[in-house]
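What TrEMBL lists as domain 'Potassium channel' is 179-236, 293-371. Per TrEMBL, transmembrane segment is recorded for 59-79, 179-200, 212-232, 285-306, 313-333, 345-365.
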């Protein structure tokens, strides 16, 4: 409890109206201090619990993964784009240097041939040679272009060797040697392929910083992505089972309502409805229905990429399946219409679509796994391989 003590009698404080009032000292006990600290700690714990609950919820994990991909796009774009711009500038300088050297050689050889021709013509004029003699000695003019050709060949060989080496390195990394590959859009897709372990391989980091950042980014992002796939896939699976069960029960009730009213009494109808509600909890989604949902999502992706990338619809479906299953051959990669630096919105939508597609694939695997286990359990019960509750009794 706070205790209030008065200072010495001489201590007072003057107020606005000129009057004086005594000054008191407030003593705070140790118990109050400890209680206040405990209250602050409890508030901090409560805030942390709320933040953790939101973060590790299905929606929170999805938002966290999307934010992590965007962050990765910013990081890798900042690291790799500078190196790539420097490489392209060096290639342009090399090309300009080659053109300058070629021009210098041509200018020098032209002047030399022109001077030699003038000197020869002047000598012929001074010596009184005939045109027949000029033709016989014309080799003195024609022999010089061989030297010019050798110089040009040497410069061309140097340039082509440098270009072949650069082209080979770019082909090994499947990257263009004339245009900028690392943009925010491509960096964001690269970040998504890292944490999903797809790894197209169409673009790879060239700098030491980029390689180190990739390893650190993957060590944090891969567990986060798998956690999101597990939680969100289970949530979608439960929601799909519930929706499918309600739909099936609704159809059955609509089709059988008239017959049940005619055949069964009221008590039997209630027990029938109760059994339907119990079956709803135990119902499994058929594999055909799961494959239909997966095929529908892949078809949406096929049409989407056929529109954006000018692919064939089959190529779009093939790309979606290879991506959703994390196979990631890398033979088909978005780039022409999606990863353009002027279409960052499409790139973001592409990344989100692919991430959600992996969640749909995880949900499909979960549903098919439950259905297969249920079928095998039913077969085991029929042949007496699996004990039931009645057998234990």
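Backbone N, Cα and C define each Cβ position, glycine as well.
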Practice task
Just give the helix, strand and coil counts over the domain 'Potassium channel' (179-236), going by DSSP.
Solution key: 41 helix, 0 strand, 17 coil
Handout entry: Beyond the flanks of the transmembrane segment (59-79) by 6 or more, those residues with Cβ under 8 Å of it
Key = 182-185, 187-192, 194-195, 205, 207, 209-210, 213-214, 217, 220-221, 224-225, 227-228, 231-232, 348, 351-352, 355, 359
Completion exercise
Other same-chain positions with a Cβ less than 8 Å from the transmembrane segment (212-232) and lying at least 6 residues past its termini are 56, 58, 61-62, 64-65, 68, 72, 75-76, 79, 191, 194-197, 205, 358-359, 362
Fill in the blank from the handout: Secondary structure of the domain 'Potassium channel' (293-371) by DSSP, residue by residue, totals 57 helix, 0 strand, 22 coil
Fill in the blank from the handout: Looking only at the domain 'Potassium channel' (293-371), mean pLDDT returns 85
